[in-house]
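Written below as structure tokens is the structure these notes are about.
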């Protein structure tokens, strides 16, 4: 192989003698064609001849731009054009040379995310899903109604994002915007400077695409921004910025800086909330006067007499005003119902929009018919019900507004998660001996694999890595749930986003970007939110059968009165003056349609949930899963027991302990100091001047030692006592073993070589925890504990509070999996948690409950927030949700009761016997009555009382 001229610049600076790089010049391929980098393992490579045979075979393939095979790593890196060749063919070519391919990525399956506009119910999301799955090349599609997003896996060789968006818009009838593309690849967002002409963009794009490891480059010409997808094993963001700088020549100098793109969706959500609010207010502006003119003023003579003024023939002023005010509500404000009905019918389904469109159109056009009849006749007397149409639309818009308002409040979990990593990091440059040459503060997004980072006390770890120098304690409760900070020494792993407590450490970055644990949690929450469909709304479920049934009943009613009327099968005097058999029968049919249109159905759920001030829908929870740290326990170390083993006075014991432990930054030491100070106050000691300690030493993993005056003091575990040959009697051993059985840590204190006393430290259980678990059991609800903490601690806490089933040492993904396992057993599951590591499980559960004192991420991911951080509120939330669901069912009885009872009367069932019929205006009054009943029924929830008061018990 020959490398000469400009190609020398592309060869690696550090290369193994047996590694070979072959660059295949692209044939008839434009610079801006998308390329991909394929990285996979090749087993059985032993020498340079193996490398040469693989590279020669792959290099001959059309569409392959470059090949690099490493003997040391047993790895191949192939850059290719997916429009010309597939990854599968590259794999088969390598296997044909006699080598086995491993860890081969599914590069031919691409992924994109879409924002779907206009989805109102689960039937909408199912329609979008069906339309997506019908597209050739789409392998998997998941549509989330709550997020208003779709995640699609597809074969880029068969279809593309444009065709997928077209399917949503044309086949399903919903709006769609592309959010992102790529298989969760590492991306960096750069702001470009020094751009003077379109040619500059071409130069920069060409320079970036020529780099090994760059998968895709997108440049926004208007914003001067670039989005680059790359392989972190091959290239990094600083290299990309350097490449852009080097692309400039002469007067053209380019600069690039990283920026954080705004999270999409929030603007659209706010816009949607604003649209529904404005539509509701505008509809009220017209509907309230209509209601006053039709229902209020006529009942208050003489104030409503002016409405009876005849304009032309029997057309009065009140009817004319109602028509003028109703028309914009029906056709301008209510046009969304027409669009929704059209799309639903096109999909061969019927939803709430169809029901609303049918009812309002029947009301409106019948009223138009009455108005025209009055206009043409000097004796006709008829009642319009324009108010029915406008009030129905107003009620439904109120329900929709409350719905999107609630939906918008639970969508910030992902944004909060992303903000956990620090903005900057301290990058070290080392020489060959490991000495520090320079320290540079860089943006966290610029960290590359194998960078050496300095983490000082009180700062967060920026990315996942391995400690190479120094010792410290790191608070990892966000991942593991363990309250105690974890000791870190060289060789130990650290996780991005966790807090460094005391020592200064150097960390080598091993995982960056989308590979970090924090990014994995973000992905888990995102996936769970997408996959979690809300409960199928009963209103939409009812309307699937209700709409065709009502239309059929109305049609049969009309036929049932029209045909006998024409045939003279009932007396002519039954038909009112100025009406014929057709109009008489038509009025019965319209009355059935109007009385059956359940406008209160739109209010039944939202008003109850609004009054309950929470999610409310517990789905009949049968199992409650508790996190341990911060949920069942307080969440920080505290001394729960202390004892003296010698004749040393308590005051001296406490003063010496405070002096020794006061110099330690360990969390257990802080807990011991706080407890010792409390004991001094209890013994009415006013000694605020604590003795200084000399010869102070920290013994990692054991404790501390020092001298106070002439007396030696040791504070630590049994290992420290053995190290200094302190004899421990049976009393001490018994105290230690008893507390260890309860998963407590014992801090022993020795003065002058003799055991003087001890403190038992643990994360204490909340006082109300056992009562709450017991009460849940009495409600027929089982309790489970899932924690990242160790088995000994988890079992001890579970036995204290009365929980039988425990899952310990579980990571965030494992917690979500445990929830799903319980759900697969056919039980509805509630999850109670407080930490970032709980957020995937909170989203996966049927009902997620976040402790109010927990992290913002957990609170955003949950359905219910327990504001007082009191476990009694778990019982309250479940009980209130049961009451809310019961109230919703009662609301549906009110909503449908009037309609179901009114339908036979509206159809004229009683008319032949009693002369009673239900004219359309009275049908409209029944609808209004059902709505008022629903609101009044919901307001009864304000008198709700808590079922459990553990503190008072």
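Placement of Cβ uses the backbone N, Cα and C atoms for every residue, glycine included.
Annotated range for transmembrane segment in TrEMBL, selecting from 312-333, 422-443, 444-465: 312-333. Feature annotation (TrEMBL): of 505-524, 525-544, 545-564, the stretch labelled transmembrane segment is 545-564.
The domain 'HMA' (110-177) scores a mean pLDDT of 82 in the predicted structure. Note: the domain 'HMA' (186-252) comprises 23 helix, 21 strand, 23 coil (DSSP; helix = H, G, I, strand = E, B).
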